[in-house]
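Feature annotations, reproduced from TrEMBL:
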TRANSMEM  A:27-50  transmembrane segment
TRANSMEM  A:56-78  transmembrane segment
DOMAIN    A:85-164  domain 'YdbS-like PH'
TRANSMEM  A:195-215  transmembrane segment
TRANSMEM  A:235-258  transmembrane segment
TRANSMEM  A:374-393  transmembrane segment
TRANSMEM  A:399-417  transmembrane segment
DOMAIN    A:422-493  domain 'YdbS-like PH'
Amino acid sequence: MTRAEVREAGAPATGEVPWRRLDPRTALASGALTLGVGVAGGVPTVAGFAARGSGATALVAGIVVGAVVALVGVVVGAEKVRLARTRFRVGLERVELHSGILVRTRRSLPRERIRSVDVHADPVARVLGLATLRVDTARRASVADRPLELRCVRREEAEALRSELLVRRRDDETAGTGLLAALDPRWTRYAPLSFLTPALGAAAAGAVMQVAQWVGLESTVVDAVVAGWRRLGTLGTVAVGLTAVLVVGAVASVAAFVEAWWSYRLEREPSGTLRVRRGLLTTRSTTLEERRLRGVALVEPLGVRTAGAARVDAVATGLATAGGEERTDAAGLLPAAPRELAERVAAAVLREPVSPTRAAVMRTHPVAARGRRVRWATAGALVPALVLAALGAVVAGPFLVAAAAVAVAGLVAGPLLGRAAYRALGHAVHEAYVVVRGGLVRRRTVVLRRDGVIGWSVRQSWFQRRVGLATLWLTTAAGDQAYAVRDVAAADAPGFAAEVVGDVVRPFLTERHSTIG
Amino acid sequence: MVITEPSRDEVGLRPPTHPLPPRVRTWWRIHALGWPGAAVVVLLVLAWLIAPAAAWLGLAAGVVAAVGLVVGLALPAYWYRVHRWEVTDEAVYTRSGYAWQEWRAAPLSRVQTVDPTRGPLQRRLGLATLVVTTASAKGAVTVAGLAGDEADALAHRLTRETRAVPGDAT
């Protein structure tokens, strides 16, 4: 308590800026959300009892309604107390937030360190004209640097705060401002190709079983599947089941895409910021200062790549950091879109005429790198074969047949996958950027400003040393914090590092290298 | 041209100038022998308590002891040759590695914090670990096993030299 007050007293005076409060209707919004969750959970419960024809249905319904009402009451009450105990103000130099019901926290953020301001609103908040404002700083050295959140304020107030907190350098060059990209509904066709499709399909199948169990109908579902299996045979059942899972998953991933990216717009604002606005039900707005931008990443997951599309992510400081699990979506500048357009957007974001992903001449990696990848892919494919063979030896013969089939498939597919992974590798220095490409399932081309590289390391495992390879890591304050150039020739790794960040490498090169250049 | 062509198998980086103090080998040896030693004791106690499995547990204890002895006696001398460090006017540069070898450098202009830390065993041996962090969460350069007074002096010097750099060094 006393320490917090000392810190507050120690902070520079913010003048006579009055304290402000969050919008009181936040309590209403939280109550409505809780009610929604309660109804969503309560209705199946009551329906389950009703389906079993239990005489206690009325009693259960009464208990559920009572519990939901009590829960909503508690949430609204707690929110009212929280709102009454929360105040904030935006001074000339600092943003301050005092909050906490039992333990008071007083946070004070220097405005010059603010790097991004997000505004988002869930459907309930939108109906009430409210929005949540999140203010983030560049450094994330400790928990004290976590984003500062105002939940909720009026939407107009959130907008005003957003522009107020980020407008600083009016003299910044205004060239290239305006709309950089907007949603083309045709991009929806890439959504089913994402890895979400099988995941959501499987989740839906699981959810059906779960709900059936709640309602006491799981035996009906199992009987239906067994009846289908009798009629269609094993292969037919598997085919129908997979198709159903994929179709449901595709519909779900299209829905997820539309919800997340509807009315998407990427704009450059005169204050030197990039702004992404998107969302159908929950609207999100992410603003990031170009000053924080160290580069972009062109991401091509397998399915999306086969359709000739790519996604663009920002590589910026203060977004997702190691351990900053909460904001993985904040870096998205463009959803999966035709690759040519993705490269145009990347170029526009970097203020370059042509995207370095296109202009850079990528260098290939030594053949030894291909050997390693082929060995990994083949070994990876043979592990399930070995497991199946062990099962066959211990449990039943048919597993041995499956093991043989998997082994043959692995021996054919392994080298192909390994070669594909090798072809994905590439690195280059192009003007002010370093370009690094790699990844089989999720190919990614990272374009990083060379002045954003703040260190390097060369790592060599015993296996790499045997075949004359090494991995170069370029460390940066942005994005993943370090990007790897995997399996380059050991002798070339430091030389390439020197091309990227000359002065931090050159004094440490061996004589032979320094004479070459 | 043929002479200047570097060997394909070697990383073209020269070793940093300074070795660690020789007593760092004692520190490594205690670690490399201590953990297997503790495991051996646990295994032997279990072998004594669980008579039916005594042979297996005894065998496991023997294997752990043998591997631990080989690692603890042979490798510190090798690690001692690998681990080296250097601080120039522009950068911190280290070579380290137990199974992997790693060369690492960070420019002083990007250094954010310099902290010497000491574990109980290090304190006994008069050693310290110097951690130099940069704005990258994966960019820290660590020198483990420096002489304690040297680590303090370095921390002092680096803190002084890097304080002058404006901005948040991102």
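Numbering starts at 1 and runs along the chain as displayed.
Using N, Cα and C of the backbone, Cβ positions are placed for all residues, glycine too.
Nonlocal intrachain contacts for the transmembrane segment (A:399-417), taken as residues 6+ away from its ends with a CB within less than 8 angstroms of a stretch CB, comprise 373-374, 377-382, 384-386, 388-389, 391-393, 440. Here the domain 'YdbS-like PH' (A:422-493) has a mean pLDDT of 93 out of 100.
Assigned with DSSP, the residues of the domain 'YdbS-like PH' (A:85-164) fall into helix, strand and coil as follows: 22 helix, 39 strand, 19 coil. Counted with DSSP, the domain 'YdbS-like PH' (A:422-493) comes out as 12 helix, 44 strand, 16 coil.
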